[in-house]
Amino acid sequence: PKMKEEHCLHAALLCLGVLCYSHGLSTERLSRARPSLHGHHEKGKEGQVLHRSKRGWVWNQFFVIEEYTGPDPVLVGRLHSDIDSGDGNIKYILSGEGAGIIFVIDDKSGNIHATKTLDREERAQYTLTAQAVDRNTNRPLEPPSEFIVKVQDINDNPPEFLHENYHANVPERSNVGTSVIQVTASDADDPTYGNSAKLVYSILEGQPYFSVEAQTGIIRTALPNMDREAKEEYHVVIQAKDMGGHMGGLSGTTKVTITLTDVNDNPPKFPQSVYQMSVSEAAVPGEEVGRVKAKDPDIGENGLVAYSIIDGDGMDMFEITTDYETQEGVVKLKKTLDYETKKSYSLKVEAANVHIDPKFISNGPFKDTVTVKIAVEDADEPPVFLKPTYIFEVQENAASGTVVGKVHAKDPDAANSAIRYSIDRHTDLERYFVINAEDGNIKTIKALDREEMAWHNISVFAVEVHKQHQEAKVPVAIKVVDVNDNAPKFAAAYEAFVCENARSNQQFITISADDKDDSANGPRFIFSLPPEIIHNPNFTLRDNRDNTASVLVRREGFSRQKQDLYLLPIVISDGGVPPLSSTNTLTIRVC
């Protein structure tokens with residue numbers, strides 16, 4: 001078939017200022033050969049000319065600029081068939097996405113208009129179908145073909161950051177260029193068309209402390225040795241601008257709050273060189289004397305300080321602990337003080353950081369020292385006895401008024417007040433003793449019996465004459481020394497039995513004795529018969545020399561009928577000086 005015999009419906013893209021038509025539509029359509037009438041329709045890729053083997057549609061893509069707000073509908077393009085002679089018998093039909101609502105066609109001329117403002121960010125393209133039919137019979141004159149209307153992007157969307165506010169931390173004294181945080185913005189415009197979505201970051205506020213990488217949005221430190229103790233928080237404003245940052249581009253901003261975190265770059269420092277403290281000599285060990293505090297502007301564990309005593313004449317008397325809640329050193333009493341012995345002490349106290357950062361060791365040493373002077377205050381103390389306990393001795397049966405011993409107390413205070421003494425009568429209910437109130441001499445006021453009470457434990461008070469509320473008390477133990485004033489006696493009420501058939505020299509009982517006196521006055525008892533019966537015809541006595549004696553039969557032939565009871569006197573003597581003796585009677589029955 002010849003070219004002039006073919007009839008082809010084609011679309012012409014009109015360039016009306018706001019429209020864009022890919023070049024070569026008419027040229028390609030006119031220059032391509034037309035196949036036979038009977039064929040099938042093929043659709044090519046976007047941006048390419050579409051062909052059909054027999055009598056086909058020839059298209060490029062149509063373009064419509066978004067956000068067009070002119071008074072008249074936008075002319076998108078025009079459909080035209082080669083068989084259209086202009087007599088009005090051909091009717092153009094449009095169907096597909098947005099047909100009749102967004103896109104309308106003049107069925108006579110084939111002109112396509114957009115009746116509504118389009119937004120590429122809502123929808124980027126529309127697929128439509130065009131067809132030419134007989135106006136009277138609606139018989140298709142050409143098979144339908146698809147074409148695409150693309151919405152052309154304009155720069156109508158400013159960049160937007162993911163967050164309105166960012167928060168970031170970076171250690172103080174970080175090196176220049178240390179990464180702090182990356183902020184990211186997005187642009188809804190078409191990234192494939194022009195520079196509408198090409199973003200460039202810049203810093204509006206926060207210089208010269210920080211900088212931002214133009215392409216990545218990474219914020220970095222720009223100054224060395226930024227000090228948290230001088231300024232802790234910075235407010236940075238970052239701008240993202242499209243169109244590659246060029247004039248006319250749209251922009252968006254975000255705020256970034258950057259906080260410098262602490263490092264241990266400051267040693268502790270005492271605010272003064274000497275601390276003055278005082279403590280009463282009456283204070284007890286463990287009592288707080290005073291507090292010192294070294295200031296460290298660092299925070300957290302970087303500001304922790306520990307205290308210690310490293311020198312001074314009070315190292316043995318005082319100690320220091322650390323109060324980690326207040327960061328103070330607490331000076332406490334370690335031992336009891338005596339104003340009269342030593343009136344002042346001096347300590348050298350050290351405050352040192354607990355945690356040290358090796359990176360900042362050159363800033364050290366991370367410690368400081370201070371002198372603590374402690375004055376001991378005189379306390380109104382009670383009298384003090386020269387001994388903690390007194391032990392005296394007095395012989396029993398000593399005459400009333402015998403001196404037992406002397407106690408002595410003194411006022412440890414500088415006033416050295418006079419002392420008065422008295423006996424605690426709760427400890428001497430029988431009133432055996434009396435004390436001289438002025439000199440402390442203790443005397444007896446009645447006879448003492450060691451066998452009745454060997455020890456007397458009394459308490460003596462000492463009070464200051466002018467301050468009787470200041471009182472001291474001391475125990476006094478008085479030992480009653482034994483004298484030999486008790487003769488030995490039978491240890492029990494002995495009763496012996498001898499049989500009628502008892503033989504001569506037969507032992508029938510062993511006796512022992514007791515002596516109330518101390519053993520020193522009777523280390524051994526001596527047993528004997530009185531001189532007048534030493535030659536008793538019936539019994540003999542043998543001293544066993546172990547504080548016992550045995551009674552033996554002298555002759556045989558006892559008769560119960562003649563005499564059934566004998567009373568034998570026995571003399572018992574002690575070894576005291578002078579020796580004492582007693583005569584005890586032994587009852588002997590004949591059985």
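The chain as shown is numbered from 1 upward.
Using the three backbone atoms N, Cα and C, a Cβ is placed for every residue, glycine included.
Taken verbatim from TrEMBL:
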- 1-24: signal peptide (SIGNAL)
- 81-161: domain 'Cadherin' (DOMAIN)
- 162-270: domain 'Cadherin' (DOMAIN)
- 271-385: domain 'Cadherin' (DOMAIN)
- 386-490: domain 'Cadherin' (DOMAIN)
- 490-591: domain 'Cadherin' (DOMAIN)
Taken over the domain 'Cadherin' (81-161), the predicted model's pLDDT averages 86
Count the residues of the domain 'Cadherin' (81-161) that DSSP assigns to helix (H, G, I), to strand (E, B) and to coil, and report the three numbers in that order.
0 helix, 37 strand, 44 coil
DSSP-wise, what's the residue breakdown of the domain 'Cadherin' (490-591) into helix, strand and coil?
6 helix, 46 strand, 50 coil
